[in-house]
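Written out below as structure tokens is the structure these notes cover.
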Amino acid sequence: MGEKEIVDGCVAACHIAYACSEVAFTYPITPSSTISEVADSWMSRGRRNIFDQVVSVVEMQSEMGSAGALHGSLSVGCSTTTFTASQGLLLMIPNMYKIAGELWPCVFHVTARAIATSSLSIFGDHNDIMAARQTGWAFLGAMTVQEVMDLALVSHVSTFECSVPFVNFFDGFRTSHELQKIDMISYETIKKIFPYEKLKEFRERALNPTHPTLRGTATSSDVYFQLAEARNKYYESTPDIVQSVMDRLAKLIGRSYHLFDYYGHPDAEFLIVVMGSGGLTIEEMIDYLMEKSNEKVGMIKVRLFRPWSIDAFVKKIPKTTKRITVLERCKESGSLGEPLCLDVSTSIMRSELSSNNILVLGGRYGLASKEFTPGMALAVWENMISENPINNFSVGIDDDVTFKSLFVRQPRLDLLTSETKQCLFWGLGSDGTVSANKNAIKIIGESTDLQVQGYFAYDAKKAGGATMSHLRFGPKPIKSAYLLQRCDYVAVHHPSYVHKFDVLENIKQGGCFVLNCPWSTLEELNHELPSKIKHQIASRDVKFYVIDAQRIAQESNLGRRINNILMVVFFSLTNIIPLDLAIKLVKEAIKKTYGKKGDAVVNSNWKAVDLTLESLIQISYDKSQWISKDKCGEKSLPATAVETGNKDQEITKSTVLKQKPEHDVNQFVKDILGPVNALKGDELPVSMFEPTGTVPLGTTAYEKRGIAMSIPIVDMNKCTQCNYCSIVCPHAAIRPFLLDEAEFKNAPETMHIPKAKGGQEFSSYYYRIQVTPLDCTGCELCVHACPDDALHMEGLQKMEAVEKTHWDYLIGLPNKAEKFDRTTVKGSQFQQPLLEFSAACEGCGETPYVKLLTQLFGERMVIANATGCSSIWGASYPSVPYTKNQKGYGPAWGNSLFEDNAEYGLGMVVGYRQRRDRFRELVSNEILKDITEEEEFLKDDNASVQGRNEIITKYDHLKDYLRSWLKNIRNGEACQSLFEEISKLLEDNLINSNNFAQVLKKDRIELLEKLYDSRDLIPKISHWIVGGDGWAYDIGYAGLDHVLSFGEDVNIIILDTEVYSNTGGQASKSTPFGAIAKFAQSGNLRQKKDIGSIAMEYGSVYVASVALGANYSQTIKSLLEAEKYPGTSLIVAYSTCIEHGYTKYNLQQESVKLAVESGYWPLYRYNPELVRTEVVDNLTTIVSSGFTLDSKKVKVDIENFLKRENRFLQLIRSNPELASMAKDKLKAHSDKRFQKMKDMSENVTVTALKDQIKKLKDQLISIQNASKTGELAASGLINADLFIEQEMHVLYGTETGNSEEVAQYIQSQLVSRGYSSSSLNLDDLDIDEFLNPDKFSTVIIVTSTSGQGEFPGSSGILYEALLKKHLENQDDKFCSFMRFGIFGLGDSNYVFFNEAAKKWDKLLLDCGAVRIGAVGMGDDQSEEKYETELIEWLPDYLQLINAPEPKHDEKSEIPKATTFKVTILDSCRNDILNESTGTLCEKLDENNNIGNSHYKPIIPPNSVLLPVIENKRITNQDYDKDVRHIVFKLIGDGGDTPSLSYCLGDSLALYGQNPVNEAIKAIEMFGYNPYSLLRLSINEENEANNTNKVNQRYSSLFGYDITVLQLFVECLDLWGKPNRKFFQEFYRYCSNPEEKIQAKKWAQNEGKKLIEEFSSKTGTYLDVFKMFESARPTLAQLLDIVPFIKSRSYSIASCNKFVNGEKIELCVGIVDWKLESGEIRYGQCTGFLNRLPILDSESKIDSIPRLPSNIKASAFNLPFDYRSPVIMACMGTGIAPFRAFVQNKKYIRDVLKEEIGPVILYFGCRYYDNDYLYREELENYVKEGVITSLNIAFSRDPKGYKTSNCENIRYAQKMYVQHLMLENSQEIYENMIEKCGYFYLCGTKQVPIDIRKAIIQIIIKHSSTTEQVTSEEDANSILNSIQIMGRYNVEAWS
């Protein structure tokens, strides 16, 4: 007998395989991976085999590779083995035929596993074995862990003795992963039986040139057959040889085996034949039946399945046998029976038993490790003895479709005695429970004489799923190969499980129950525990204990690892071994398990062990009270079909396969998801399942696992709305939400929802970041990604209720994604993630990429997903995280295999393209074929059809859509939009009505029906092939390489975790040098495959390397470019993984950044479309390589990255010398690669050529500039000292990529002017490099601002270094050599507007640098965002540095290709001015009818038409300022529903119109007919177009017919002020050469003066065209250079509640001025308002004006407390919002009956008599006590002109508001500072500056001495803090 050890089946097999082999070729596949890992571990530790040699364990790229390499190794005489399962075995079949054909001795160790069919399963059955049974290999099967070892040795010996290769197989998981105490076979014993002589013979057959032979010939039909038959004798002799080996082994080890072993009654009448672990359960059942009633039942265990020995089998059958049942763990569809059953039947038929009339029955059990319990075994026997037994039955399921399943009478039959203790542990995936229980088994088994068994069940979730550890201990051998039926001890390690699972279902009477939870008192437990649990505890006299293991783990610095704590609890309560000894052994196990992770981890675990017992609490419960608890009020699982359905339904109906299965998600959740997640899936009947395995999307949203201990909680006061938390969230569990006014008002009161920040598109929304508490995993990534510390973690139980209420409300709101640019970091996160709540590990690095893909392209994605982590978290039945959007669109997902995913995805692309090509032919050749006469497609009797013209128009629109589709067939966004339009049009007129059928001929209708049926081919599918590095670098690489070479339009993303994550962390060819992984446990000593460089070699593949955690914008940019690229694209995505072993897992983003900054993971993009070449002297040189290195500098030493991850630290601890060498090699490799990429990025291959050209240019430019500088200096325009060198670099700091884009644009402008320029990330420079005067004497800095005045992620390091140097050398102006310009990107809604740019400016000036020009202040609140300022700032800067003019060529002289296409139609429409309304209308014909095309006003996106019911002047008629009070009626389509809702401080954005008569003149000037109809569309001929960038204002016109007059009146801003960008393009349109020369001057540096002079005269776009008569662009060209009319926003002067939501009131000043010519001109919008009729309540007109309008949200923050003081200051029409504020206060006081605080108003006017607006109303509010203090400053009235009789009303003359505030400073200070009031200001741009100065003076004056506010700086700091809190609010206008 050998030594006893506790091992699982994998280790048992490995022990023999390692001993008897010289080489093992491996590839990881579950569940065989453990064998490979153990062998690799032994190899790394130097363990030797029986040949006294360390086995060479070689990991291959696939199972195909392993089999091929193994075949080669055998061919040269090397004893070789491998380990595999399932698909892996199938991949080896071709080589298995070859090996068997050549009679090579060999053993495959196979952990038998299910084969993927309609779904994948990693669990055990015999389908893979049966699929390979025909290959000519011998198959030897084991039932127990002991048998695995013994029969493995039989296999290895037999294969040499009979020259037939063997498969040694055993059940996957049930045997492979079951822990048992077994007798090990020593190497000495193995050597005694090993056939060394046969080994010698084998080696003599090896291929060797000293005795050469040849194998593997190609044969013809004349000899092939004979060769096949020549091997017969080997197979005929094999059974006897195997039996001989078994007999010899028995003498050595004392355990006897036979080809077939019998067990049972010697005179059995009923016999069961079985193979594998199921036989153990049959044994228990036989013992039970024989003991109970001496039943004559027996069993034959099949050992040698192939070659099958009839004689050996028949000899084991008792002569008394009447019936035989063959149990099979496989299914062979379409066969008469499964393979074993056929073998048994054939054996009986061919033997002497054929005349005995033995009935042979076949049945299936245990597929994919389905449980096979004693109760099921009993059901098999009961079926066999029944009068009418079922043949081809199934057992263990409920087959209510074909009704072949057996009824299990005793499902909980437990055949174990009380001697065997059974313990069940419910753990949370990755919490360490399983590993702790493995240690516990080993401790018990090694320190006692008890037999042990351990089996561990998991769900398919990567982490956070349920784990069930089934442990048995007893004095006798444990045969029970099934889960626990009755438990002595139950431990539940996560408190949520008591609500989810029936955890005490199997607990015995008097059992022990341990619950890990934060509830420690009986009161808490009474409240928290479900009634059912309490009833079970009391009714079974359960001893109940609780412990808060999470608290202990946190105190011990263990995070969430509670395993060892609860193991100590187990030992303390079970008394299996003395407690002191147990704790000692536990600590030793901890040292052994965690030693590689360092002493700190070990010590933390030891501390937790020591704290455990004092924290264990036994609960004394009131048994009578608890036992009376019933299940009332409990959440129960929904009834399943087996409980409610009818089993007598006709089979034919249930077996019909639908072509397009429709899934009711709710029904699926009810019938399948709920029961499966409650671990009741075994009870589901067959009828519940869709035959093809198709499942509905979005089922994870129903799970609500609640596994996080703590969740992120947002402080919206700190949140800067960057959305970073959302983009990093692996589970889409935290998201940004936008709410409109109505949604905001209906939101839960507990939810803080501030105004949305950003550009104008956000202006009408509120914003909230929200977590879904029950879907969050608590990884904390969002907390660490937040730049503003706006997130912190709180306990789930504390926050669940309120946060769930918030989430439920927000998730039910309409998604507003369509209104935002999904191509930005922020905008992408407003898109619904179509991957949510997956079962990936907490902090998973893969899911954020796929989630982001779904946000960018999800509604049109098709995904081919390789097997691996991404297929498991992405599609583990029935949990599907992929979901659909509100329109029902979402990713379509498929999985084939591990190895063929690239080919699978390619097939999708080719197949879809083929179908789409046919569809395109249908559209172009049939539906749109040229038809000149309407009669050819119209019915003869169509004239009388009502609405005929309208129907024909719709049909014409359909054809227009289809034409547009043909032109945009490769444009994803356009096709998606057209798909929706076409589908709707067809549904409205073909499917849901007979409109088209009334008018169109039958053949047309049939074509349209075909079109509708195939409409899903309209979208341009975004094809994505998704997989991990194991697939891409190894097993699937050949296929991947083929797809890369193929050139199809398909996108590939490799989620590169650098190990085989799914199978447990084995090394792949992606594993980095020096990392420790399984199969590389001594450190991986080969460099990682550079798959990106390999792909780039094709020259036709788009390639990008990305790391989301390091650079969000680069990742998004890469994904967008890849998807747009018209060919194959490859994204290599750095994906963090728990296998990396982060020292602090929640800080993994920092590790990602270090990976990039150290050069370990470079970020780059290669776009073949950007490759440019030039031919110089017949030599083709690369001008642009198409390669962009986005991580432009190595910033930190690679060691900083390596030391954060345990995969590298393990090597440092175990072998410091090797680790040091590995680090040096990895660094050298990374540096070399970085330099190569830098060279590629800079095109150094043509450096010499460029240098020569540059020198010549420089000489010429220097001559030119010397002249120009002199001229400019002489003229005084520029100081000669400021002349700039011809090298100028643009440095940027960016967070989202916008600053980088601006920098690149500026760089391109510099390059076009002859400068040598580059754009560099600020932090890519170190300080010494930055202070190099030879390179950076002139720079432009472009930077955004992050958070509350912080630097963006890529610019803080250099700034801090420069600041430090300055502080150390304040008198040293070390930057005096530098000239700089600076441009900031910011949002004026933020307090620290452009703060980063201001800080850079101040620091550089302090260091002696000289700024050129002003600081550019880009503002997201401007109409064109930062571009508004940029197009003014950059030309000014270029003029100041005397930059040369851009180089001009022929292309620069002609107009560019237009963005739009304008089609002038043949028909016209007579639009005219409606004198009553001042707007356009359609003229009726002589019969008062309108034509076919109706006039409809153009309504900009997100706008509505509001009727004007009042427009009256409220200033004196003789006063020069015309101020209007304008009222809009809020009546929607419903008659009395407001069509717009607004709140305090909001503005109404109005779209003005141009004067009709002037527009007609302008149209005629451009040569068009004002009344011609036109149609606007994208110009498909302009390939540079990107429809994603097309403004909604333009795209909203697509598909509509408008007149040229309507375009000029309602769209083109021809009467607006031209910007600099216009002049830069305008000269191209001048056909007269002289005019072109003159116009070009306006585009050059000197043009600024011309433009300023022109603007001073308020020139318009139209004026420019009048000046240059030859410039007559087409309408399409006009659309490119003349913008659309912009909205003008006016503060709303009414309170919505005060006016009952019935109207909007404005106070608008009409803007007008007189030109030198005497012409009166008006502001664009106010001029339009001025042209409207004067209206009041008495006005009587036929129709009223309706104006396009929308709401723009206010930046004002309103107080939550009505009693907070409110101080308001305004000038002129700035009174508007404050009038609304005062109305609101009156409403609160008079209607809501709430107390209000002080209301103080400071109002600046010119004259009391002329412009004291709303005087009577305001002073009445004072008298009513609403306004506390009214203060009016009249700047033009003489002093003393008017006085007030009311003490609360103050008049002051000859002063401005700020002066009046200073006079009343005490009032201001008391209410604003002391009482924490809110201050509001509304006025022109200069006013906020003056007011702020006044308040600062007030703070200084009234602050107490203890506050030490003695300077403006201190006071300003106080005011800044008030502003950050939202209590200082400014709205200013120019």
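Cβ from N, Cα, C; glycine included.
As given in Swiss-Prot:
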BINDING   Cys719, Cys722, Cys725, Cys729  [4Fe-4S] cluster 1 binding site
BINDING   Cys776, Cys779, Cys782, Cys786  [4Fe-4S] cluster 2 binding site
BINDING   1542-1553, 1685-1695  FAD binding site
DOMAIN    710-739  domain '4Fe-4S ferredoxin-type 1'
DOMAIN    767-796  domain '4Fe-4S ferredoxin-type 2'
DOMAIN    1288-1438  domain 'Flavodoxin-like'
DOMAIN    1501-1759  domain 'FAD-binding FR-type'
For Gly1545 (FAD binding site), the spatially nearest of the binding-site residues Cys722, Cys729, Cys782, using Cα atoms, is Cys722
Within 10 A of the CB of Leu1548 (FAD binding site), the number of other CB atoms across every chain shown is 26
By Cα geometry, the one of the binding-site residues (Cys719, Cys722, Cys725, Cys729, Cys782) nearest Ile1685 (FAD binding site) is Cys722
Those binding-site residues from Cys779, Cys786, Ser1694 that fall inside 10 A of Cys722 ([4Fe-4S] cluster 1 binding site) by CA distance are Cys786
Fewest C-beta neighbours within 10 angstroms among the binding-site residues Ser1691, Ser1694 belongs to Ser1694
Secondary structure of the domain '4Fe-4S ferredoxin-type 1' (710-739) by DSSP, residue by residue, totals 5 helix, 11 strand, 14 coil
The binding-site residues listed are Cys776, Cys779, Cys782, Ser1691, Ser1694; by CA-CA distance, the one closest to Cys729 ([4Fe-4S] cluster 1 binding site) is Cys782
If you measure between the CA atoms of Tyr1551 (FAD binding site) and Cys779 ([4Fe-4S] cluster 2 binding site) and round to the nearest Å, you get 48
Cys776 ([4Fe-4S] cluster 2 binding site) and Cys725 ([4Fe-4S] cluster 1 binding site), compared by Cα position, are separated in whole Å by 13
Reading the DSSP string in three states, the entry for Ser1691 (FAD binding site) is strand
Note: among binding-site residues Cys719, Cys729, least Cβ-dense neighbourhood at 10 Å is Cys719
Reduced to three DSSP states, the domain '4Fe-4S ferredoxin-type 2' (767-796) has 6 helix, 10 strand, 14 coil
For Tyr1542 (FAD binding site), the closest of the binding-site residues by C-alpha position, picking from Cys725, Cys779, Cys782, is Cys725
Spatial hits near Cys786 ([4Fe-4S] cluster 2 binding site) (Cα distance within 10 Å) out of the binding-site residues Cys719, Cys725, Leu1548, Ser1691 come to Cys719, Cys725
Closest by Cα to Cys782 ([4Fe-4S] cluster 2 binding site), out of the binding-site residues Cys719, Cys725, Ser1691, is Cys725
Same-chain shell around [4Fe-4S] cluster 1 excluding Cys719, Cys722, Cys725, Cys729, C-beta within 8 angstroms of the CB centroid, reads Val714, Asn723, Tyr724, Ser726, Ile727, Ile734, Pro736, Ile769, Cys782, Ala785, Cys786, Ala790, Leu791
Candidates Cys719, Cys725, Cys779 (binding-site residues); nearest Cα to Arg1688 (FAD binding site) turns out to be Cys719
Near [4Fe-4S] cluster 2: residues not in Cys776, Cys779, Cys782, Cys786 with Cβ within 8 Å of the site Cβ centroid are Pro712, Cys725, Val728, Cys729, Ala733, Ile734, Val771, Gly778, Glu780, Leu781, Val783, His784, Ala785, Leu791
Candidates Cys719, Cys725, Cys779 (binding-site residues); nearest Cα to Ser1691 (FAD binding site) turns out to be Cys719
For Cys779 ([4Fe-4S] cluster 2 binding site), the spatially nearest of the binding-site residues Cys719, Cys725, Leu1548, Ser1694, using Cα atoms, is Cys725
Averaged over the domain '4Fe-4S ferredoxin-type 2' (767-796), the pLDDT of the predicted model comes to 93
Excluding its own, the Cβ atoms lying within 10 Å of the Cβ of Gly1545 (FAD binding site) add up to 24
DSSP output for Leu1548 (FAD binding site) maps to strand
